[in-house]
Structures are given as C-alpha cells and as structure tokens.
Amino acid sequence: MPEGPQRSGRVALLGRPNVGKSTLLNAALGHPLAIVSPTPQTTRDAILGVTHHGSAELILLDTPGLHRPLTELGRAMNDAAREAARSADVVLFMVEVPQVQGDKPRLPRPHPGDVTLLADLAPETIVILVLNKIDRIHDKRLLLPLMSAFGQLREFTAIVPLSALKKDGVAHVLDEVARHLPEAPWQHGAEEMTDRPTRFFAAEYVREQILRATKAEVPHACAVHIDRFFEPAGGGVVHIDATIHVERPGQKAIIIGAGAEMLKRIGTQARGRIEELVGRQVNLKLWVRISPDWRKSSRELQQLGYRDATGGASATGGTLLFANLPDDIEAPQGDEVDLDAPEEDDGLESEQIEIDEDETDDDSALSPQGDEADADSDDESGDSDEADEPAAEENQ
Ligand SMILES: Nc1nc2c(ncn2[C@@H]2O[C@H](COP(=O)(O)OP(=O)(O)OP(=O)(O)O)[C@@H](O)[C@H]2O)c(=O)[nH]1
C-alpha cells in the first residue's frame, strides 16, 4: 500500500475481448459497477471507475475489448479503447492465461492477437502486463515460460499474474500501478466511484440481463436507450423508462418471449441491480423497438449514446494501437459492411455479428403495430406501477 504524497493518474485497462478487464475493474472498486458476461465484446464504451489505494488515486478506464471491427459500433468501441490508452499514465495490458488441456504440460505462448496489439503500443508507454485467470492453471510453473515469452515482445514495467475473479493478486497490481502514477492531488472524493451518470448504468444493467438471457447474435444486436429517468429529489421511487433496440423482428420476439416472460425476467433482474446502485426503489418499464442495422449507422449510434466513431480518433489516423490491423479500421466512414473482405492474420477476433440472416418465423409476440412492445417489467410485487402513464403514450 503506497504511502507518502498524494498521487493521481489515469490507468487504461486494455486487451482483447473477454480477458477479464471489467472483472478486474470491479475487483479494484470492490463493487460490481461494470457489467461482466462470458460473451465477448460485452463492454462497448470506456467506463471510468475511481479507487483510492493508500495515498494513490487510480482513475481506471475499463475499455471495450480490441477486435477487428465490422460495423460502426465496432469502430466506436475500438476508438474508445484507443483514446483511453492515449490519455493514460499507465496501461494495464491484460491477457488471459491459456486453458491447459489435461495433464499434458505444453509451453503456453502469447495469443497472436496480443502480439498484434502490443506491437502498436508506443515504446515509451508505461505498460504493466496482467496475466489474468491464473486460477485455471494448477501448476503455476507453467506461467514462467509464458511470462518470459511476453517479455521478449516489449519491455514491461511489471508483470503481474492474478485472478480477477478470485480477487487473488489484485492488491499487488494496484500497488504496482500506484507506484508509477504522478504526484498530484486527488481529483475525486473518497466516495466517488465513477463519473458516469446513474442512467448510463441503468441502461448497462438492462443490457447485462439481455447478455445473460439470450444467445448467439441477439446480445450484440441490442442497444438500450433510457427514455425517461426521474429521480425525485428528497427520496421516493425512481422511475425509469427504457427502450431496447434490436435489428430484426425475430430478435424482438426472442427478447419479449412467450407471454412477455423473457422481457419481465430481464426487467426484474435489471431493476434489482439498479436499486442496489441507487439505494432506492426503482420502477422500470421496458419497450422493445426494431431499429434495423443501428450498429452500422453513425447517426443511430450517436442517438443511442455511443460515440461517433467516424468523427473522432479514427479520422485523425492515430497509429497508437492499430498500425498492424487491416485496412477497414482506417477506412473512410460508411455504413456498409464488407463481410467478404479478405482478412489479414492479425490474430484478432472479429466483431460479433450475426452469421445467419434468416429471420425466425416467431413473430407471434409482436404487437399489431409491429414496432413497439410494452412490457411491464415489475414483478409480482406490483407495488410501484400505478403511478405510470400508459406506456405507448410515454414512448412516442
Ligand atoms: N476463471 C476466471 N474467469 C474470469 C476471470 N476474470 C474474468 N473471468 C471471466 O471471463 C469472462 C469475461 O470477463 P469480463 O470481465 O467481462 O471480460 P472483458 O475483458 O471486460 O470483456 P469485453 O467486455 O468483451 O472486453 C466472464 O465470464 C468472467 O467471469 C478470472 O480471473 N478467472
């Protein structure tokens, strides 16, 4: 635990999708602020979390997993990560240790995608390598060759093996980071955990439940927009209306489910998470709307609260992270996705999009208007719903 003069600085959590960046952020904060799921590309926008560790203030930026983008959303996600890295005092480059099959010890090697991303980090950047998920390896000696292989790729300020899930080694990495932050007065109060408004997390917690409840392309085709967030001053029930945007009628039918059961489940679980965050009772109402191809449209991304990928860092041609990636990353803006474009072998996973464009024929759950479904997400308690106006009017 660092002592002495106050330190404060920005720390970017960077890495491929699914390596455990959000889990580490939550472990550092001691609170499940960021959403976590086994589905790659869960995090879509950089999330800032603040933690105080001894005399040091760590302003942690959890970034979307770096991948080969195929849509405007994918580009926006990569840009968010790139900007976080550029503005950071310290980069925590996170990788996951490979799953060791059976008893056969083999020499684990760095993932090719990690090699690509590391090569694009500026040499002067302070980079701490985090080897996550060490709980998956019984024989910890296997880590040594892996650490040594990574050490050949660039100079790391430190290499820290840990398990973010088991919170094993987290204090150690915070110590290492704190040591390299500049001396500066703290910018945030001890109770402050994030600069994101509560409504941002309300949308995230709805999306988290969709990620947990649905499979294949559905989670990636969903965006959640908060239409109304009313938090009465002086206490009382917080009222939230949110719309889940999907791309296809079949996805809408899946999200709503038979008898709106799925939507109710998503709403009930999300409401619990939001209530935990705001410390008050929440009345959450959900709608589902079809917004075809929202991920491919800059305008719709902006409307849904995702940053415009085409006007920001990508347009300035920054090379911090992506010098080795395929052309489509620096391609001029456009909403077209060329799925047949030849891929260079950069080792990065492609953005998750649907492979099968066929619609399910399960459109029976759609309302006659075809575009909106009102789900009263309150569960059986039925205690906080009476005050609401008719959903369809509120959402026009
Ligand atoms: N076994 C094990 N699993 C972990 C550990 N840390 C994270 N996970 C799991 O890995 C999955 C992905 O974790 P996230 O924290 O969402 O990963 P991420 O890097 O933020 O993912 P993206 O949002 O896709 O960039 C989840 O199922 C986590 O529970 C760990 O230390 N050990």
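Please read every residue number as a count from 1 along the shown chain.
Placement of Cβ uses the backbone N, Cα and C atoms for every residue, glycine included.
Unlike curated entries, TrEMBL annotations are predicted automatically.
When pLDDT values are averaged over the domain 'Era-type G' (7-183), the model yields 88. As annotated by TrEMBL, domain 'Era-type G' applies to 7-183.
With a cut-off of 8 Å between Cβ atoms, the residues of this chain six or more beyond the region 'G1' (15-22) that come close are 34-36, 38-43, 47, 62-67, 93-96, 111, 113-114, 117, 132-133, 164-165, 348-349. According to TrEMBL, the region 'G1' annotation covers 15-22.
Annotation source TrEMBL lists GTP binding site at 15-22, 62-66, 132-135. Under DSSP, Ile134 (GTP binding site) is assigned to a helix (H, G or I) in the three-state scheme.
Residues or ranges marked as region 'G2' in TrEMBL: 41-45. Outside the region 'G2' (41-45) by six or more residues, the chain places 17-18, 21-22, 34-35, 62-65, 67, 73, 76-77, 80, 208, 211, 220, 305-307, 351-352 with a CB less than 8 A from a CB of the stretch.
The annotation region 'G4' is assigned in TrEMBL to 132-135.
Here TrEMBL flags 329-364 (among others) as compositional bias 'Acidic residues'.
What TrEMBL records for 371-396 (among others) is compositional bias 'Acidic residues'.
The DSSP breakdown of the region 'G1' (15-22), given as helix, strand and coil counts, is 2 helix, 1 strand, 5 coil. Listed binding-site residues: Asn18, Thr63; maximum Cβ neighbour count within 10 Å falls on Thr63. Checking the binding-site residues Asn18, Thr63, Leu66, Ile134 for a CB within less than 6 Å of any atom of ligand 1 leaves Asn18, listed in sequence order. Sequence-distant neighbours of Gly15 (GTP binding site) (same chain, 6+ apart, CB under 8 A from its CB) are Lys21, Gly65, Leu66, Phe93, Met94, Val95, Asp114, Leu117. A coil conformation is recorded for Leu66 (GTP binding site) in the three-state DSSP classification, outside any helix or strand.
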